[in-house]
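Trainee: Quick one: the structure is below, and I'll ask about it shortly.
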Amino acid sequence: MAEAVSDKIKNYKTAPFDARFPNTNQTRNCFQNYLDFHRCNKALSAKGQEVSPCEWYQKVYKSLCPMSWVSKWDDQIENGSFPGKI
């Protein structure tokens, strides 16, 4: 399975269709992938496992989200005021 994930990450071009977000507005998709990336990192780091599968979520949110949002969310995480549950 790790090989399949690494192949997908290597061949990544842009965010694929996600049936959870069928509408044109991809704001929620952006935010959800940002949360999933940080949750994945937190969960795998706590178990002492490799966090490379989390790169998929990072690539998706970086292709969907404006960088100004990402930097704002990163600052909020550092300050402890991020509204999402990670």
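Keep in mind that glycine also has a Cβ here, set from the backbone N, Cα and C atoms.
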Trainee: Between Cys54, Cys65, which residue forms the disulfide that TrEMBL gives for Cys40?
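Mentor: Answer per TrEMBL: Cys54.
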Trainee: Of all the disulfide-bonded residues given, Cys40, Cys54, which has the fewest Cβ neighbours within 10 Å once its own Cβ is left out?
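Mentor: Checked Cys40, Cys54; of these disulfide-bonded residues, fewest Cβ neighbours within 10 Å: Cys40.
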Trainee: Around the Cβ of Cys65 (disulfide bond), how many other Cβ atoms lie within 10 Å? Please give the count over every shown protein chain.
Mentor: 19
